[in-house]
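The block underneath contains the structure these notes are about, expressed in structure tokens.
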Amino acid sequence: MPELPEVEVVRRGLHAHVVGKTIGAVRVHHPRAVRRHEAGPADLTARLLGARITGTDRRGKYLWLLLDGCDTALVVHLGMSGQMLLGAVPRAEHVRISALLDDGTVLSFADQRTFGGWMLADLLEVDGSILPRPVAHLARDPLDPRFDAAAVVKVLRRKHSEIKRQLLDQQVVSGIGNIYADEALWRAKVHGARIAATMTGRQLTAVLDAAAEVMRDALAQGGTSFDSLYVNVNGESGYFDRSLDAYGREGESCRRCGAVMRREKFMNRSSFYCPKCQPRPRL
């Protein structure tokens, strides 16, 4: 699933190319792609017709397009395999929605697995930020200029569950998924099974700092692409997968100490870690 860096790459691409454009005809090719828009496909297409895009924003793994003259936004969730693509004509297989812009560009939403989608949502003011209603419950993410690491540390010190589980909780800190949780924990030399409440404030701060650092590094390299499912708006893959220190490296040498990297099951996922740098906590 695209995580914060991948979604931010897409948002930046959209911001550069669609802000100031007016939406013309919109076609929903697969109704599942707008299933979260409760009023249905016809309502979404009618309300988007003639709307001018005035900006883009993001929180965690959600991005949205701001529309002129209304207090609603077009919210996009990429799900497992969603792609926002720009081109003269719909250019991808699995195109679920397409929108013609006034300069002739087609904005396409492609989604092989159909877990993502578009919806229109009301904008609300939450803690000094203007957010779409479906996003309002999400915590700030580590790349948010107003992210308060000290406040998050206070929350984590009350959590009697694994630190990795807390990193994946979008109401504690948003935008972090399995890949970047493993990468942050490796950089901070912390095993994901450590109970958050047993960690010091300094240790928890180090984990949050590592999460921000690794996501900035990934963003600089266009995100992480293991296959063709994640691409930017031009259909290009990111290349941070070549720089991963933990995720997917079972059986390889730790880049820091040389120990053999391990994998273990965690929440129907896999966790990758170094047994020497990140010793498992004692029960």
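Note: Cβ is positioned from N, Cα and C throughout, glycine not excepted.
Per Swiss-Prot, these features apply:
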- Pro2: active site, schiff-base intermediate with DNA (ACT_SITE)
- Glu3: active site, proton donor (ACT_SITE)
- Lys61: active site, proton donor (ACT_SITE)
- His94, Arg113, Lys159: DNA binding site (BINDING)
- 245-279: zinc finger (ZN_FING)
- Arg269: active site, proton donor (ACT_SITE)
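The structure, with features from Swiss-Prot marked on it.
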residue : record                                         : CB count, 10 Å
Pro2    : active site, schiff-base intermediate with DNA : 28
Glu3    : active site, proton donor                      : 23
Lys61   : active site, proton donor                      : 24
His94   : DNA binding site                               : 18
Arg113  : DNA binding site                               : 12
Lys159  : DNA binding site                               : 17
Arg269  : active site, proton donor                      : 14
Let me know the DSSP-derived helix, strand or coil state of Arg269 (active site, proton donor), please.
strand
I'd like to confirm something. Which of the active-site residues, Pro2, Glu3, Lys61, Arg269, has a Cα closest to the Cα of Lys159 (DNA binding site)?
Arg269
Which of the recorded positions Glu3, His94, Arg113 has its Cα closest in space to the Cα of Lys61 (active site, proton donor)?
Glu3
Provide, as an integer number of angstrom, the distance between the C-alpha atoms of the residue listed as 'active site, schiff-base intermediate with DNA' and Arg113 (DNA binding site).
13
Cα distance, His94 (DNA binding site) to Arg269 (active site, proton donor), nearest Å?
26
Please list, for the zinc finger (245-279), how many residues fall into helix, strand and coil according to DSSP.
0 helix, 12 strand, 23 coil
Which whole-number value in Å describes the distance between the Cα atoms of His94 (DNA binding site) and Glu3 (active site, proton donor)?
21
For the zinc finger (245-279), provide the mean pLDDT of the predicted model.
97
Could you give the maximum C-alpha to C-alpha distance in Å for the residues His94, Arg113, Lys159 that bind DNA per the record?
41
Just the number: how many Å between the Cα atoms of Glu3 (active site, proton donor) and Arg113 (DNA binding site)?
16
